[in-house]
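Following: one structure in structure tokens, then a few remarks.
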């Protein structure tokens, strides 16, 4: 695809070569993310961060990525603090705010809303999550993390074995990740969830139609024994009619160190898009996994900075100029990935 000036709305936009280009640029961003160097390549540019659903990691990560490239960030959070609460349309909001920004990242609870907004925007728009539909930058950073974890073991994305666990019906991160995985070869995917929260059939059929093996199960123990990656998700409480309805599914697929030791291969990598619900009755990753070296959830969040920096650099057509505007940092820094 042509990155310069483009919206990033869906992972369906990408071919394998596009993914490889994004990841190569992401690799080049490490010195800046590690605070070894500073670049001002986007000095004077403004990111409009528009988040109409709660967000910590995605919102702050996009803002941090833009700051690290030398740009400035302006934020709108929640409906109550925006003119949308007064009845303003997405069209009008897009026309106005795209006049204030050079690029916009938007999250909205309604599926398709970010694409609708982008049609009226005069600057590139990145989908930061639209309801239960897609979350392209999360899928990219997840895939980038998987590639790095496998590369450290002398493996590639081709031939990946992955188990996705939890609320696969409402989890937009796994929907986008399923589409991206289809660009690679010889995959084995196990989808583990209650029947009521199963992966939508369109994604299952997509991968099967591309020749990949996709198994569907509700048995956690028998699904995580021979995989490279366990990708856990939280119960998307905000997509249910009530907390009581969501509570029916909590704790059904909780992974802790004892289960990991008993059923997983020793080098199986554990991932999660975060936030994880650490309450004792929740559905996700136990805190006793925190010292497991194969727990990659915080490496994922670090990698999100790299991938989002790469997206900004490509969309604003400065990927080849970042180093020209750089210098060493003059403060103490000690960071690792």
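Note that Cβ sites are derived from N, Cα and C of the backbone, with glycine treated the same way.
As annotated by Swiss-Prot, carbamoyl phosphate binding site applies to 57, 58, 107, 135, 138, 274, 275. The Cβ of residue 135 (carbamoyl phosphate binding site) lies under 8 Å from the Cβ of 58, 127, 128, 129, 172, 173, 175, 176, 273, each on the same chain and at least six residues away in sequence.
For 86, 172, 234, the entry in Swiss-Prot reads L-aspartate binding site, with the evidence type sequence analysis. Within 10 Å of the Cβ of residue 234 (L-aspartate binding site) there are 22 other Cβ atoms, across all protein chains.
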#### Entry: Among 57, 107, 172 [binding-site residues], residue with fewest other Cβ within 10 Å
57
### Task
Return the residues near residue 274 (carbamoyl phosphate binding site), defined as same-chain residues 6+ apart in sequence whose C-beta is under 8 angstroms from its C-beta, sorted by sequence, else 'none'.
57, 297, 300, 301
### Query
Using the Cβ centroid of 57, 58, 107, 135, 138, 274, 275 as the reference point for the carbamoyl phosphate site, which residues of the same chain not in that list have Cβ within 8 Å?
55, 56, 61, 128, 129, 173, 273
### Message
Just to be sure I understand: of 107, 138, 275, which binding-site residues have a C-alpha no more than 10 angstroms from the C-alpha of residue 234 (L-aspartate binding site)?
### Response
275
### Cβ neighbours of residue 275 (carbamoyl phosphate binding site) where a neighbour is any other Cβ within 10 Å
13
### Query
Going by DSSP, is residue 107 (carbamoyl phosphate binding site) part of a helix, a strand, or coil?
strand
### Query
Just how spread out is the carbamoyl phosphate site if you go by the largest Cα to Cα distance in Å among 57, 58, 107, 135, 138, 274, 275?
16
